[in-house]
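K.L.:
Handing you a structure now.
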Amino acid sequence: MDEDHLAESTAPLLPTSEASPASSLEINDVASKPRPLPTICIIVTPIVILIPLLFLLALLLPHPQDKEAQGPPKETKVPQRPHEPAASTVLQFVTERGDLVDPRNSRLYEQLRNGVFYAMYPDADNANGGPYSSDDPCGEQPNDPCGEQPNDPCGVPIDPSPFRLEVSHESVEFGQELHISWHENDNNEASIEDQDIILALSCGDTNSVMIGENLVDAATLAQVKATHAYSYHNQVKSNENEANLNNEWIIPNFPAIYSNQCLFTMLMQSPRWYKYRKDYPVKTVRYDILSQKRIDLSSSQEQPTQIHLGLSSDPNARYIQFTTGLPGGSVVEIAKRPADSEAELTFVKLTGSSTSYSAQDMCQSPANTVDNAGVGFSNPGQLHIVKAEGLEDDSNYVYRVGLAMGQGVRWSDYFEFQTFPSVKVDELLDGSKAVTTFLAVADQGVMQSLDSNTPATAPSTMLRDLEFDVELRHGKEAAQDVADLITNIIRNETVSAIHHPGDLSYANGAGHVWDRYMVMIQPYASRVPVTVGVGNHEYDHTQGGVGKDPSGVISDGGFQPYWGNFDEASGGECGVPVSKRFAGPENGNGVFWYSFNQPLVHIIMLSTEHNMTVNSPQYKWLQTDLESVNRTVTPWLIVEVHRPMYDKYAEGDAVTVALQYEVEDLFYLNNVDLVISGHVHSYLRTCDGLFRGKCDSGGPIHVSVGTGGAPLDGGHANIPWVEKYDGDHWGVGKASVLNASSLKWEFIAVGGEVTDEYMISRDRK
C-alpha cells in the first residue's frame with residue numbers, strides 16, 4: 001500500500017462490525033392498541049433497570065481506542081517451549097553418553113571448590129604446599145588412621161604416583177591445539193577406575209595457583225576420554241593419526257582464559273579421608289594429587305581475539321572491536337585496496353578506547369558470582385573499540401587490530417571488509433543483481449545438549465557439501481554449523497551485514513560462554529558488520545537493576561508486566577555483556593533499540609524485552625523514527641524484534657498478543673514491509689499483507705529465524721496465516737534487495753539448500 005492510498009484510506013484503526021440495515025416495522029392496529037397495565041409493567045420494568053446498568057457497565061469498561069488504559073489481555077496459557085542450550089563447561093566436557101556436562105548441576109565442582117588437596121607423591125608438582133600440609137594434624141587425632149599402615153609415613157606413599165601428566169606445549173596461545181596425555185606407572189598394580197580419577201584445570205596470575213580457589217574446569221577421566229572421542233569423531237584439526245583414546249586428550253582450540261598461568265592436575269579422592277574430621281566441614285573432601293603440569297598463558301594476554309565489525313548511524317563508518325587480556329592502547333591500521341591489484345596499500349593508523357566489566361556490574365546471580373566455576377562471572381579481558389570514519393562507498397578495506405604497549409604493538413592477522421554501494425532509487429535496476437544482501441539469524445548459542453526435543457529429521461550425517469563445505473552434525477554442533485554456513489555464504493557473494501535479533505550466546509550468566517561465542521563468530525564478523533538486538537537471554541532479570549541496567553530502566557527488575565513471562569533468562573546479566581561487547585548505531589538506546597540504513601532499505605531494531613506500550617520511551621522513539629523515514633531514499637522498511645508478533649503458538653503466547661496490540665497498527669500505518677524475529681526455535685513465514693490475523697490486508701510479512709543453533713522446536717504450525725514452517729532444520733534467512741519494488745527472501749538450511757524462497761513486491765499493497 002503506497003502512502004497516498006494510505007492517506008486516503010478511511011478504514012478504522014480498530015476492527016468494527018458492519019451495522020445491519022435498518023428494517024421498517026409496520027405497526028398494525030392490534031399492535032398499536034394500549035396493553036393492560038400489568039403487561040406493560042412486566043415489560044418496561046426490566047428495561048428501566050437494565051438500561052442504567054448497561055450504561056454504568058459501559059463507563060467502567062475501557063474504551064476501545066484507549067490502548068494505554070486497556071492494556072493487553074491477560075493470558076494464562078503458557079506455551080510449551082523447547083529446551084534451552086546447556087551452559088557448557090569451559091573445556092566443553094561431555095558425558096560418557098555424549099551429552100554436554102552442565103556446570104550448573106555439577107556436584108564435582110562444588111566438592112572441588114570446598115576440598116582440601118595434598119601432593120601425596122614424590123613426583124607431584126607440589127603446587128599446593130608440598131607433600132606435607134601444615135593444616136594436616138597427621139596422627140594427632142585419636143581416630144585418625146593416617147600412619148597406621150606399614151611403610152606409610154603419614155600418608156605419603158613410597159611408590160611413585162600411578163600417573164604422570166604431559167602437555168604438548170608448555171606455552172599456549174588462544175585457539176591453539178593442545179594435547180594432554182597421561183602415562184601409567186609400570187609398577188602400578190592397583191586398578192583405579194576412570195570415574196574415580198579427576199582432571200582439573202585451575203588458572204591464576206601467579207605460580208601459587210590453588211585448585212579450589214582458582215578452579216576453572218574439571219571432569220572425571222571417563223568424561224575426559226568421552227570428550228576426546230567426541231572431538232576426534234568430529235574431526236578436530238589435528239593432523240596426526242588416530243590418537244590413543246586411552247591416554248590422550250586433544251583440546252582442539254584452547255579457550256580464552258585471561259590469566260597468566262594454568263595448572264592441569266590429576267587427582268583422586270583420598271582413601272584415607274573420612275568425613276568426621278574435626279578440622280573441616282562434614283562435606284569437605286580430601287583429594288590426593290597424583291600429577292600436575294603447568295602451562296604458561298602470559299603471551300596470550302597480549303593476543304587480539306574476538307575481532308568483529310559493527311555499523312554506525314553514519315553509513316560511511318565502521319566500528320572495529322576486539323579483545324585482549326592485558327590493558328593497552330587500542331590501535332587499528334586500515335587501508336583502502338586500490339583498483340590496481342599490484343599497487344601498495346597505504347595504511348592509516350587509528351586509535352580508540354577500551355572498557356571492561358566486573359561481577360559487580362551484573363544485576364543478579366549467577367552472573368555476579370565469582371566463585372562458581374563454569375557458571376558465574378569470568379574475566380572478559382579488555383574490550384577495545386576503534387571507529388573508522390570517512391570510508392568510501394563500494395570499496396574494499398584491509399585492516400588489522402593491535403594492542404599498543406610501550407614502544408611496541410601486538411598485531412593481529414589482516415582482515416578485509418566491503419562498504420555499501422551508492423545506489424539511488426531512480427537508477428535503472430533490472431533486479432538481476434542484488435543492491436544489498438543481508439543475512440538474518442537468531443537464537444544461536446555455542447553448544448547444546450542432545451535431548452528428546454531434537455527432531456529426528458535433523459541433520460545427522462557427516463556429509464560435506466561441495467559448494468558450502470559445511471559439516472552436518474547432529475544437534476550439539478548446530479551453532480558452529482550455522483556459523484560455518486554464514487562464513488561460506490560471505491565467501492561466495494557480497495553480504496552487507498549479519499542481523500541478529502537476540503539470544504546470541506546463551507551464556508545465561510556463565511561469562512566464559514561469551515568468549516567462546518565471540519571466537520566462533522569471528523570468521524564472519526571480522527569481514528561483515530554484525531547488528532544485534534537483545535533477547536530474553538541477554539536482558540531479562542528480576543533483581544538488582546537499579547543503577548546497573550545499561551538500558552536506563554530504573555526499576556529493580558526491568559520490564560516485568562503481569563501478563564508477560566519476562567523472568568531471569570539472562571542469568572542476571574541484564575544486558576551488560578552484550579552492551580559492552582557490541583557497538584551499533586548511535587541514534588537510539590545502545591544495542592536495545594536503534595535504526596540504520598542500508599542501500600534502499602531502512603532497518604529498525606527493537607527490544608521486545610522492554611516496555612513498548614503507548615507513551616513508553618521505546619514507543620515514542622519508534623513512532624518518531626517511523627515518521628522520519630524517507631521512502632524516496634529507502635523505499636523498503638524492515639523491523640527486527642526478538643519475540644515474534646505472530647508465532648506457531650498463535651493466541652497462546654501473551655507476549656505476541658501484546659505486541660500485536662501495542663505496535664501492529666503503527667506498523668500498518670507506516671507501511672512496514674517485513675518483520676524479522678526469533679525466540680521460537682524454528683523457521684516460519686506468514687502470508688503476505690498480514691494484519692489482525694488476516695492475509696492480504698495491507699500488513700507486512702512476518703518471518704522467524706530462531707534457527708541459529710539452539711534446540712529446534714519441531715512439530716507443525718497448522719494456522720491459516722502460516723505459509724511456510726520448518727522446525728527441523730537450522731539455517732539463516734537471506735534478504736536480497738533487488739530494486740525499489742522487489743526483494744527476494746530465502747531460508748538457507750545448514751548444508752546450503754534453499755528450503756524457502758519468496759519474492760516480495762512493494763506493489764502488492
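Cβ coordinates come from backbone N, Cα and C, glycine included.
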K.L.:
May I ask you to indicate which of 67-87, 298-318 is given in TrEMBL as region 'Disordered'?
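P.N.:
The range carrying the region 'Disordered' annotation in TrEMBL is 67-87.
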K.L.:
In TrEMBL, which of the ranges 1-22, 441-462, 683-704 has the region 'Disordered' annotation?
P.N.:
1-22
K.L.:
How many helix, strand and coil residues does the domain 'Purple acid phosphatase N-terminal' (304-419) contain under DSSP?
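P.N.:
Its residues fall into 3 helix, 54 strand, 59 coil.
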K.L.:
Take the domain 'Purple acid phosphatase C-terminal' (699-757) and count its residues per DSSP category (helix H/G/I, strand E/B, coil), listing them in that order.
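P.N.:
Computed counts for the domain 'Purple acid phosphatase C-terminal' (699-757) are 0 helix, 29 strand, 30 coil.
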K.L.:
Averaging the per-residue pLDDT over the domain 'Purple acid phosphatase C-terminal' (699-757), what integer do you get?
P.N.:
94
